[in-house]
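Notes follow once the structure below has been shown.
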Amino acid sequence: MSEEVFSFDSYNLFLCALVTWCLQMTGFAVAYTCQFDKITDLLGATNFLLLQLMLLFINASYSTRQVVTAILISAWALRLSGYLFLRILTIGEDKRFEDRRDFLPFLGFWTFQAIWVFVVSLPATFIAGIDDSDVSVKWWDAVAWIAFVIGLVIEAVADQQKFAFRNNSANKGKFCDVGLWSISRHPNYFGEILLWWAMFASGASVYHVSPGTWSAVLSPIIITTLLLFVSGLPLLEKGSDERYGHTHGYAAYKKRTPILIPFPPPLYNGCSPGLKALCCCEWSWYAADMELGTVTSSTSLTSDAENGNAGAGGYSASYESIKSDWSESEWKSQLQAAAVAGITHLLHDCNAGNEALDDDRLALLARVAGWARELGLEYHVWYLILLCNRPEVLEDSDRAGWYAIARDGSSARHAPPHAAWCHFLCPSAPDAVEFVLGHVEALALVPGAAGVHLDYIRTPSNRGDASNDAINYCYCSRCGGPDGAAAAVQSIVARAADALAVQNRLLTAAVYPMHADAAATVNQRWPLFPLAAVLPMAYPTYHGKTNAWIADVADDARAVVDASVAVIPGLLCEAFASASELRSVLALLDSHLGPSDGIAFFTLDTYLALLTSEKS
């Protein structure tokens, strides 16, 4: 047993409590008087170091177990205090105290920190106080020490990776999914929990000296309880959902990455919800505000191992047309069917090209967005931006200049190319541009929407025939030909992206497949578009191709857009004769898509019809 400073204090517990209380109350006095946060975490971590050095100094013996324990605790305390002090110097203010700077709440925090230090340090305190000279080091002691080191390394590496990620200006507004954060959403907490259970276990050989020393188990229990149920995962998950819920790829990241225990995403994706809850702590209350549960179904075209995601990607999108006369129950039934079928993102047509985007329409979009979100579907408003078939616009002679002009001088207003509904707007017509961008700004404000999805952000197709004056656009005085039209289209996309960024919304777009063909055929230089995701419409029947061409479309897009941009090939479901044919395409695409890529199905109705036909 150690030297007793107080005769009644066998393990110097009272001394540790007294020193801890004095240090924390001194810290409280300084922090409250100066109203700053610089020393709060610093004193919390260094308190452990002080206790270990004090106990080591007053102890009458220095066994291997006691010295190793002191070294491990000191290494942990020095690392954590240094990191937290550097972090608070960088960020300036600890948001935990925004509403706790009054005397009593602030005192309460420091009092809790004193109790936390005392209880969590119990294993090390008892190990330092027990005379273990007749207890040799066992193999399980070494295992516990190794586990502590592993936990410490995981925690340190995770903290450093996130600190570096956050301090890179290029990552502003992004969630951290690099390094250890790609296999756990909170690897630092996993390391912290692991090391304290290991510290408790390292004293198992000597706790028998006094039954009361088994109370050291309170240390890992307190740490685990706080991080899993109180101030750790619940608050951080809620905060991340609120901050990144509209960020592209976040839903897929949550779906493929365990909340705590590091696990390879491909294996984790293949686990059932029950197995995830049992082995990986993926409990329902962590997703209370953003339900993103795994989607598996016997009717899904993709395998259960893929959890409904198309191919290798984490993004299964579907186009849905607006149905103004549907009831709430009809909408919810359709959305539920989409979720069960493995859809994760819904692209919902606002139909602003044909009807007024009035308050009633915006309210409907908001309601559908809310219902979709309840089912874990990320909702994007789909807008055919450069098509306008609204009678009040078409018949208004003052707006005649809004429409694209072919090389033969014909206007898409009265001579729509391709089909009767293809009344293309001129991308350079100032009033037309302001008209459609006004719609984008309105759609960016739809509550619950993650972003806006642009379609027909191009001029009409010349079908590869540059000699046909009737289908080459746009030759108005402003565009002056294809180059001017392409530049105007690019400008519209850039302005739309800026408008959405103000509202923290994403911009995605359906694009003409194969970037070189898109530039030459429809004046669409989409590799230059500032998009979160690009959706090349891979419809082989439209281009005289076989299904194998769809993989070429995916490869072309992946090669020319930034790695941060998701590639989502769009499939025309009505072109597939059966569900098995569609499944073969998904299998083909599996090796052509990255972890944040995926598939879009046009439309949801036809996609679900394929599922129904397969099931029957």
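Cβ from N, Cα, C; glycine included.
Taken verbatim from TrEMBL:
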TRANSMEM  12-30  transmembrane segment
TRANSMEM  42-62  transmembrane segment
TRANSMEM  68-86  transmembrane segment
TRANSMEM  107-130  transmembrane segment
TRANSMEM  142-158  transmembrane segment
TRANSMEM  216-236  transmembrane segment
Grab the same-chain neighbours of the transmembrane segment (142-158) for me: Cβ-Cβ under 8 Å, and only residues 6 or more beyond its ends, written as numbers and ranges.
68, 72, 75-76, 79-80, 83, 179-181, 184, 187-188, 190-199, 201-202, 204, 262
Residues of the parent chain within Cβ reach of the transmembrane segment (107-130), under 8 Å, 6 or more residues beyond its termini:
1-2, 10-13, 16-17, 20-21, 23-25, 27-28, 31-32, 40, 43-44, 47-48, 51-52, 55-56, 59, 65-66, 69-70, 73, 96-97, 100, 196, 199-200, 202-203, 206-207, 209-210, 213, 215-216, 218-219, 222-223, 226
Which sequence positions outside the transmembrane segment (68-86), separated from its termini by at least 6 residues, show Cβ-Cβ distances below 8 Å to it?
38, 41-42, 44-49, 52-53, 55-56, 121, 123-124, 127-128, 145, 148-149, 152, 155-156, 159-160, 163, 195, 199, 202-203
Using a Cβ-Cβ cut-off of under 8 Å, list the residues of the same chain that are 6+ residues beyond the ends of the transmembrane segment (216-236) and lie near it.
116, 119-123, 125-126, 186, 189, 192-193, 196-197, 199-200, 203, 207, 259-260, 281, 285-286
